[in-house]
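What follows is a single structure, written as structure tokens, with notes after it.
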Amino acid sequence: MATEESRASNQPPEEAVVVPIKPVAALPLSMVVVQVLTVVMLLLSKVALNTGMRPFVLIVYRNLIATAAVAPLAFIFESSKIMQNFYAFRSVHREKILCIGSHAQRETREMWNKLNLAVLGWISLNATFGVVLAMGSYYYGLQATNPAYSAIFLNLIPIVTFLIAIIVGVEKVALGHWPGRMKLMGALTCVGGTMIVSLLKGRLLHLWPTHLLRIKSCHGRYAPAATSTPHHDMARLGKVFPSRYWTTMLTCLSGSIQSFVVGVFLIHGRADWRLKWDLQLLTVVYSGVFNTGITFIIISWVVSQRGPIYPPMFNSLSLIITTVMDSVLLSTNIYAGDAVGTLLVIVGLYAFLWGKGKELQAAAVAKKLEQEEEKQDGVEMA
């Protein structure tokens, strides 16, 4: 017994088996964080605009801060990919670190070789539509309405993208099967809900105490534009320059420059361009860092885990929270028409996302079957 115990003690200890934990809870929690960040951005932007901040001043400084926030991520994750595997190999395979480093340098050179005038033109076009036009229209609409009303149009981004894709011929309406019908029904339901919110009021609902923040709020009914860039431009840009962080950083920088040029013609007073240590500076920094930097990282990770349909499923959460907080803090009235229209937008959005998700699943299955058939044909020919 003693010899067996001594032999057992001399044997090297077995390595602990690490069981990877699937990010089941992290995915929804991450998207809840994104929606909360969006709600805070809407409320801060509305208060800043109500205190006299000009929309294009907010856009210029927000995108400058966003450029500074995304730039370190671009250098870390896309210019020096050696860090992705450094900790895994540093203690055992030191020679592999050099191989990884040379491979990362080669990929970086290849990526920068793709940055030509055509790519810069697509980035500039993306900034024109996504920053100057979309964000400019959105902030002017938010200035004339309220955060709850503008949050409805954030939920319409997938619908607007779908309609643009149909117009330019990127996507077709397939009414021969249920996913296509549900997409069309969902889009029409969202449009109908938006029209109800815009045109009908109905009875005033007294649900809770309001106006906790004594700030004047506008209650106009001028619709803000949904901040959606044409995704066919983004898809083309992703093909010619496949770098998410650098593309985001350059788009924000180009959008800030273009917005400054537009703002010079619209804003003539120098005092409007000065930022002080007040709520306007907080809004600019918060919007640039959290709603471009951190939100971009979270959404990119979630899309890599669950696909592009998962993030929009949580948009209704920001709509509900914004409606409640806008009423409680800024005393925005809630009418029966607002409640009915908002409910229709949420139902239509989920119907559209269900149809889109089914179509993506069917396309993935068809692609897998096609690859298996090609593999079998290759084996038979061999």
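The backbone N, Cα and C atoms fix where each Cβ goes, glycine too.
Among the features that TrEMBL reports, transmembrane segment is placed at 24-44, 56-77, 115-140, 152-170, 182-200, 245-267, 279-303, 334-353. The annotation domain 'EamA' is assigned in TrEMBL to 113-198, 244-352.
Residue counts for the domain 'EamA' (113-198) by DSSP state, with H, G and I taken as helix and E and B as strand, are 70 helix, 0 strand, 16 coil.
Mapped onto DSSP helix, strand and coil, the domain 'EamA' (244-352) counts 92 helix, 2 strand, 15 coil.
Computed over the domain 'EamA' (113-198), the whole-number mean pLDDT of the model equals 84.
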